[in-house]
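Take a look at the structure below.
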Amino acid sequence: MTTQAPPSALLPLNPEQLARLQAATTDLSPTQLAWVSGYFWGMLNQQPGTLAATPAPVAEMPGITLISASQTGNARRVAEALRDDLLAAKLSVTLVNAGDYKFKQIANEKLLVVVASTQGEGEPPEEAVALRKFLFSKKAPKLDNTAFAVFGLGDTSYEFFCQAGKDFDSKLAELGGERLLDRVDADVEYQAAAQEWRARVVDVLKARAPSASAAQVAVAATGAVNDVHSSPYTKEAPLSASLAVNQKITGRDSEKDVRHIEIDLGDSGLRYQPGDALGVWYQNDPELVKEIVELVWLKGTEPVTVNGKVLPLAEALQWHFELTVNTANIVENYATLTRSESLLPLVGDKAQLQHYAATTPIVDMLRFSPAQLDADALVGLLRPLTPRLYSIASSQAEVESEVHITVGAVRYEIEGRARAGGASSFLADRVEEEGEVRVFIEHNDNFRLPANPETPVIMIGPGTGIAPFRAFMQQRAADEAPGKNWLFFGNPHFTEDFLYQVEWQRYVKEGVLSRIDLAWSRDQKEKIYVQDKLREQGAELWRWINDGAHIYVCGDANCMAKDVEQALLEVIAEFGGMDAEAADEFLSELRVERRYQRDVY
C-alpha cells in the first residue's frame, strides 16, 4: 500500500528515516499495520508518564553501545545475536549500524562493543568508513573512560585478514580505551567463535553494565539494526526458487562471459528493494569433485561426517565444501600434513603462502604436489561452502515475483586445464531452465535510492557493477520520479561489452536517463576508464553535486572504486575551489549524509 507523507515540517523523522519506515511497512496488511502500531505504542507506555517524555531515551540511558559494521550481513547477524544475549541478561544495550552512529559521541561511551567485517584490501565495510576515518584523524578524542571489545570477521583467503577489526581494536586502545577482552578474528566459518565470544562478553559486562528495567529493555530493542526485514527465507533456510532465464549478454568475440539471470520466486512472497543483494547457494562441479577425489587416490564413496550427518565423500564435496578458493591456511596445512618437498619451504612465509594460494587453485595444488589422503584428512583441510552475493539487477515494481542478477562467469586455464568460479559457473553452465536455485535476500540499507524522488542521481558502475543501476532505473521509471539520472558505464569494447545496451538506449529516449557517459578501455590506443570520464565531465558533475545529487558506485573494490574516489576528490577540489584536505572532508560529509554510497566487492 502507498501512504501519502505529511509535510516534512510536521514530521519528527528526517527524510531518510521516513523512507526506511515506509520501505519497512510497504507490504504489510491493514491488520499487520495495526499490530505494529499497537506494538510500538505498548513499548512506549510500559512505564507511567513515558508517553509525554521527550524522544530518544535510548541515547540517554547508561549502558552498552554495540556497533555493527557489516558488509554482507554476517557482522550484523553476530551483533544482533549479542544484543539478544545482553537483553536476555537484562543489560541495557543500544545496537546501531556504524553508518548511523554519531561518531563524535564516542568520547562519552563507557562500554563499547564493535563487530566489524573486512572488505577489499583490509578496508572496513562501507557503513564504517566514516567512523574509521574519524578515529584515525586528529579529531579523535581520548577514550580514557571507555572499555571496549572487538570481534572481527574476515576471510583467510585474503591477505589482510580481519584488518578492519584489527584497526578498530588497536586504535581504540591507542586512544586510551581499556580492553574488556582480547580481540577475536574469525574466518568464514565464524559461528562457533562468535558464540563463544558472545558468552564471554555477556559474562564480563554483567559485572560492568547497569541492569535495565523491562521498559528500558523494550526501548533498547528498538535500536536494532533493521529488524524490519522479516522473511521466512534466510541464509540458513533459503528459498528453493526456479531459474527462468540464463542469457549471455556479451558478444560472441568478447573476452568476458556475462549472463543475465532471471529467477522466479513464485508465490514465496520474498521481497527486496533496489540496492539489495541476492544470496545464491551453489553446488560444485561434479567433474571438479571427481578430479580432486582421484588426485588423492580416493573413490568418492568413502563416508565422512558433515554437520552430524554421514555422507559419501563425493556428495559432501559437491554440496558442503569450498573447492574453488584456496587459502594460505589450506596450503600450509596441506604442506605440513603431506610433508610436501615443494610446499614445505613456503611454511612460515606469509607472503609466499598468500601468493601461492591466490594463483593456485586447490585442485592444482593437489596435482602439482600429489599425496595420498584419507577422506577425513581431505575434508579436514577444506572450508565450508558459503553462498555468493550478487547485486540485484531488478525492481519488483517492474518484475514482481522475479529477481534478476548480472553474473560474470569466471573462467581461466592453468596448464591447459579449464578452471571456473564455483557459483558463477554453476549459474552459467550447470543449472538448466526451471532448475532449482537456493536463494535468499541480503538487505543493504547502505545502498538506497534517495527518499526524495526529485533528488538527482549519479551512478558509476563499470562491468557487472551496472547491475544495481538497472534496478534503480526500473524503480525510478515505475515511480515516475522527476529527479535527473546520470550513468557512467565502462567495459573493454562497445560492440561486445555494452551490457543492457537496448535498455539504456530506451531509458535515454524516454527521458528517464538524463545523461550517459561511456568508457571503452580497449577501443582506442589510449585506455579510457570511467574515472577518466568523471574528470572529463568535472564541471557538470560538480553542478549536479551542488544541486544535491546522490552518488553511487558499484563494482571492483580493489582498483576501480579507489580510482573513482580519487577522481571525485580531484573534481571536488578543482571545481569546488578546495585543497586536498578540504575535498576529502567534503566527500566524507557526503558519505555521512548518505549522498555517497558504494556497493563494492
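Placement of Cβ uses the backbone N, Cα and C atoms for every residue, glycine included.
Listed by Swiss-Prot as binding NADP(+) are SER521, ARG522, LYS527, ILE528, TYR529, VAL530, GLN531; the candidate from ASP479, ASP556, ASP563, ASP579 that the record includes in that site is ASP563. Neighbour list (ARG522 (NADP(+) binding site), Cβ cut-off 8 Å, at least 6 residues apart, same chain): PRO492, HIS493. Averaged over the domain 'Flavodoxin-like' (64-202), the predicted model has a pLDDT of 95. TYR529 (NADP(+) binding site) is surrounded by 18 other CB atoms, counting those within 10 A of its CB over all protein chains shown. Measuring Cα to Cα from LYS527 (NADP(+) binding site), none of the binding-site residues SER70, GLY73, TYR158, THR406, ALA423, TYR601 fall within 10 Å. Checked against TYR158 (FMN binding site), the binding-site residues THR406, GLY421, ASP563 differ in C-alpha distance, with GLY421 being the nearest.
Taken residue by residue, the domain 'Flavodoxin-like' (64-202) breaks down under DSSP into 55 helix, 33 strand, 51 coil.
If you measure from the Cα atom of TYR390 (FAD binding site) to that of SER521 (NADP(+) binding site), you get 24 Å.
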